[in-house]
Structures are given as C-alpha cells and as structure tokens.
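Annotated features, as they stand in TrEMBL:
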type	residues	note
COILED	208-235	coiled coil
DOMAIN	263-396	domain 'GGDEF'
TRANSMEM	38-59	transmembrane segment
TRANSMEM	65-86	transmembrane segment
TRANSMEM	98-115	transmembrane segment
TRANSMEM	121-139	transmembrane segment
TRANSMEM	146-166	transmembrane segment
TRANSMEM	172-192	transmembrane segment
Amino acid sequence: MATNAGDGNELDWRGEFRDSPREALFRRTMLAHDACQLRHALVVAAGLFLAFGLTDYSLMGSSQAFMVLLAMRVTVATSFLLLALAVRHRPALAQAPLPVNLACLLAISGLLLTIPLRSDGILISLASLVAASSSLYLFIPNRVPWMLAGNAYLIGGLLVAMRLWSPLPGGVLANSLLLLGFVNLLCWLTVIRLHRLQRSQFASLLEERSINRRLKEEIEERNQLEQRLRHMARTDELTGITNRRRFFELAEQERRRAHRDGTPLSLCMVDVDYFKAINDVHGHAVGDLALTVVAARCQSVLRESDIIGRYGGEEFVIALPLANLLTAREVAERLREVVCCRPLEIKGVTLDLTVTIGISRVDDGETSLDPGLLRADQALYAGKESGRNCVVMTPQGPELTLLESVLPAVTPGTVRATAAAVAPAAAPAGGRLPLHP
Ligand SMILES: Nc1nc2c(ncn2[C@@H]2O[C@H](COP(=O)(O)OP(=O)(O)OP(=O)(O)O)[C@@H](O)[C@H]2O)c(=O)[nH]1
C-alpha cells in the first residue's frame, strides 16, 4: 500500500484518500478530534446567533419582525446546542452528514431571513453571509461536497432574497457574488490543504507503525531463533536431555559450589548393556528409540537439581549434588531398576534392557571433574567385567571406611572379596564395590 499522501496522488479532489478503507480508517482515527471540534464550533455559533439578537433589538425595537427574528435565533441556537449535546453522547454523529447538514440548513435559512426583516441594509447581511460561508468550510468537520452544497444553497438563497426584497444595482450584485465566490475558492483551497496535511501526517504515522510492527516481528523471530539455537546447542537431539558440553558446564558449576560449601558431589556413568546387539538385530531406529526411553526413565527417578547428560553413544553421565556415595548408590539402584523393571515395547519389538552404572565421588581437593569421571568410568568397566546390570562404586580414603561400617547390604567381607576380584581387571588403583541387585 502506497503511503505518501504528500504527493497528492493518493488524494482525490476532495482532499480525501482514494483508497476508501484507508479514508475510513483516517476518519475513525479523527472521530474524537472531529467531535470535539464540532461541539465547540456549535456552542460558539449558538452564542453568536443569540448575541446578534441584541443588534436586532437596537435596530428594530420590540416589533413583530424582531420577535420573528428572535424566534429564528432561539430555534437555530437551540438546534446547535442540542446537536452539541448529542455529539457529546454519540461522537459518531460528528461525521454523520444528516444532523450536521440539517443544522447548517437551518442556520443559513435563518441568516437569509434577516435580509427582508432587518432594516440595516443588504451589505450588513452580506457580511454575515460571507462569515457564515467561511465558517461552513472551516469549523464544520464535514466533507467538501457538503460544504459546497451548503454554500450553493447560501448563494442561491441570497440571490432569491435580493431579487424579492432588496434589489441591488447590477454592479453591486456582481461585486457581492464575486466576493462570495472568492471566499468560497479561498476556503475550499484552505480546506484541501488542511486535508492533505492531516492525511499526509496520518500516512506517515501508519508507515511508522507498520515499520515498528515489522521490526517487532523481526525481533520476535530472532529471539525465537536464538532460543532454538541455544536449546539446540545445549540439548542432545536424540534423547532431549542435556548434551555433553552443557553437562560439563553445569556439572562444573556444581563442583565449584560443592568445593565452596564443603558439600558432597557424586558422579554416575550409565552404560546400556549389549547395546550393539540391539542395533545389529533390530536396526538403528529401534536402537535410537531404546536410548530415548532409557534417558527418559533415568530422568524420571532423578531430582530436579540432578544433572543428566548424554556422554556419547549409549553412555549417560549424571552429577548428583549434595549426594555422598551412599545416597548415590541408592539413586543408581533406583535408576538401574527403573530401566530393567519392565521390558521396552518398540516398533513391535520387546527389549529387555539393563544398564551398568559406575559411581564415584568428587574429592575436595580435585580442581576438575576429570578424576571423578575417570573413577566412575573405571567402576563402570569393573561392573561390565563382573557381569553387567549392576551398580559399582569406587570409594576412597575415609569414605571407604565409612561405607564398610554402614553398608548393611554388603558385608565388609563381601566388599573386600569382590573388590579384590574386580580390581585387577578394572584398574589397579582404589578398591571397588560391585553392588549386584
Ligand atoms: N542406535 C544408536 N546406536 C548408537 C548410538 N550411539 C552409539 N551407538 C551404538 O552403540 C553400540 C555400543 O556398542 P559397544 O560399545 O560395543 O557396547 P555394547 O554393545 O553396549 O556392550 P557393553 O557396553 O559391553 O554391554 C555401537 O554399536 C554403536 O554404534 C546412537 O545414537 N544410536
């Protein structure tokens, strides 16, 4: 849609938009302003009409003609005031042609009536008609055709009134008509300029609004794109859980917090057992879905503050803030059970999945997650070696002693014996506790 009303191509001879929906929009936008302007113009005009009653009286005394004029003035002023009141309650009346034009018709008729009734001569009446003629253009927010029609009635009425009651010499008559014609032309041009100015401002405003809207939409789109990209950069596409990079960011934050507050932080490495066989027998699509289900099941037993990420392939990694090895073992057991508790139904295939989990605790003196992850990985490897579908942990130092004294399910004898059996195959350092279900 073209928006530059300043070049005039968009406007017709009335100074209105050729595009009628746009003109309607303009008029709707201007309604409150038009209504206010019309109300003020009507009140002022009513006052003026009544004020001229004083000059009627000074010229005519309390004659019958004065009474007729007074009745006319009161009628016109009353109709103006009533219309002003009506517009106050229903502003839409300001742009409805009928009420405004009826009031104008009444006022012009009243002014024409002064020609036969007032005794101060045609020239005074002529002056008041010139003032009324320009008022029609300037103060009544009407459309140009109605303004022209009102003025045509005024000039026609003047000619008839002069012919009937106050014949003028030809020169004076021509002079009067020229004067009225000039006033009409001047006012018409002024109104057209005013219309053009208002509409050009309105067009600029619309343009500005549409640019702002487009900008807002663009910003919104960019924000959404940014959010999508950020989400993609943090999320594993297949399983929907945190990806490896994001896991390390979050887990590193937790490690620093744990170090600062002196609270425990444990790590779990979770690996799906015999996953290669699932891919080989049922295909990668089934394997993909199985990974998604395993991730969802693991997530379902974790707290909101726990962090689970896809470490790579069929391996997941979990950081458990505020969890010592005992708590981590309980969580890992729940996790192992939730995976193997019921078979997976995927694309008509029933899979009995199990996971092996290696656990470690991040030591106070450690400045990165790597040693802890390595220990969890070694424990996981030990778990695989000892038959899979189990939870294995690598306690060290005081924690080992503590565990040995508090673990009722695993007697110290079993711990040592199992640890001894697993340790050489898994890694030479540290005792490991394979916790079979
Ligand atoms: N469908 C699918 N398979 C994957 C994905 N990532 C890794 N894998 C497969 O997972 C399998 C992992 O096999 P292995 O490392 O031998 O381990 P496994 O068969 O689970 O045996 P254990 O871990 O010793 O119990 C490989 O065949 C990989 O191709 C994946 O995103 N989707």
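A Cβ is built for glycine as well, from the same backbone N, Cα and C atoms used for every other residue.
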### Task
With DSSP as the yardstick, break the domain 'GGDEF' (263-396) down into helix, strand and coil residue counts.
57 helix, 37 strand, 40 coil
### Summary
Under 8 Å Cβ-Cβ from the transmembrane segment (65-86), and at least six residues away from its ends along the same chain, one finds 38-39, 42-43, 45-47, 49-50, 52-53, 56-57, 93, 99-100, 102-103, 106-107, 110, 113-114, 117-118
### Query
Mean pLDDT, the coiled coil (208-235)?
95
